[in-house]
């Protein structure tokens with residue numbers, strides 16, 4: 001086991017201030033679910049990975065219920081490259097043929113998920129990994145991608161799905177038994193096929209079904225940026241629509257912001273996009289007053 005975080009260099013008065021600042025937030029979120037979409041640099045840099053594992057353990061210890069939905073795009077790209085296959089994206093979604101789907105299942109449900117679970121358990125937490133196929137968690141249907149150049153037409157991007165329904169029973173059972181669920185965004189369809197679902201979309205739908213107090217989406221940028229590179233700290237639904245229209249929000253940010261906005265409109269009380277490159281970004285956002293990232297509002 002690794003040594004615990006060394007707080008010996010922090011002055012006692014500062015420690016007290018940190019704890020005092022966190023107290024009202026611990027009260028607010030105690031017993032509530034917080035869904036975290038985990039991805040980007042936070043999943044690949046060892047220092048950030050360890051910090052994230054410790055963060056979610058601390059949340060659980062103070063009575064908050066973190067639920068992790070992870071991505072794994074870079075790891076999938078690496079695995080595809082090893083077999084001589086290039087990744088293709090349309091409107092931020094990975095084109096997923098049968099061979100790619102096999103790689104996605106192996107990478108997300110195996111390598112990536114187990115790395116997260118083992119690290120949390122290594123630092124003293126109790127994490128359990130599952131995919132959307134376990135316990136009937138995520139029912140999926142094939143995603144029909146609208147062709148923007150041909151209205152009324154759709155693009156076939158293979159075994160890419162969208163969430164048809166979520167059965168949260170297995171997640172709630174794990175929470176009740178003091179486990180931290182770690183979920184790979186793979187669903188199953190009525191046609192018997194597995195479907196690759198964007199992790200942002202799964203996180204948003206899961207937060208809604210769990211009636212989560214907060215949805216936190218980690219990125220490799222400070223938050224939502226305007227065209228001049230300035231951070232937008234607070235966005236309403238109307239402002240987001242305008243950013244979609246003028247192309248400010250594009251590529252991989254499209255499903256992320258769409259999912260965040262849908263969650264806010266569906267009753268998730270607090271939705272934030274945060275910079276996962278900052279160590280302990282999860283704790284900073286949830287347990288401090290520090291303005292951080294971009295808040296998404298439904299009105």
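We number each residue from 1, going along the chain as drawn.
Quick reminder: no glycine exception, Cβ is built from N, Cα and C everywhere.
What you see is a predicted model, and the numbers here were worked out from it, not measured in a lab.
Some features that Swiss-Prot has for this protein:
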type    : residues        : note
SITE    : 37              : site 'Transition state stabilizer'
BINDING : 72, 73, 94, 196 : substrate binding site
SITE    : 256             : site 'Transition state stabilizer'
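On the structure: features taken from Swiss-Prot.
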{"residue": "37", "record": "site 'Transition state stabilizer'", "CB count, 10 Å": "30"}
{"residue": "72", "record": "substrate binding site", "CB count, 10 Å": "25"}
{"residue": "73", "record": "substrate binding site", "CB count, 10 Å": "19"}
{"residue": "94", "record": "substrate binding site", "CB count, 10 Å": "22"}
{"residue": "196", "record": "substrate binding site", "CB count, 10 Å": "26"}
{"residue": "256", "record": "site 'Transition state stabilizer'", "CB count, 10 Å": "26"}
Pairwise CA distance, residue 196 (substrate binding site) versus residue 256 (site 'Transition state stabilizer'), rounded so that it is a whole Å:
15
Going by Cα-Cα distance, which of the recorded positions (37, 72, 94) sits nearest to residue 256 (site 'Transition state stabilizer')?
37
Grab the substrate binding residues from the record (72, 73, 94, 196) and give me their largest CA-CA distance in Å.
12
Helix, strand or coil at residue 72 (substrate binding site), per DSSP?
coil
Rounded Cα separation (Å) that holds between residue 94 (substrate binding site) and residue 37 (site 'Transition state stabilizer'):
18
For the recorded substrate site, whose residues are 72, 73, 94, 196, find every other residue on that chain with a C-beta no more than 8 angstroms from the centre of their C-beta atoms, and list them by sequence position.
71, 76, 96, 104, 107, 108, 198, 199
Integer Å distance between the CA atoms belonging to residue 37 (site 'Transition state stabilizer') and residue 72 (substrate binding site):
11
Distance [Cα-Cα, Å, rounded] between residue 37 (site 'Transition state stabilizer') and residue 73 (substrate binding site):
13
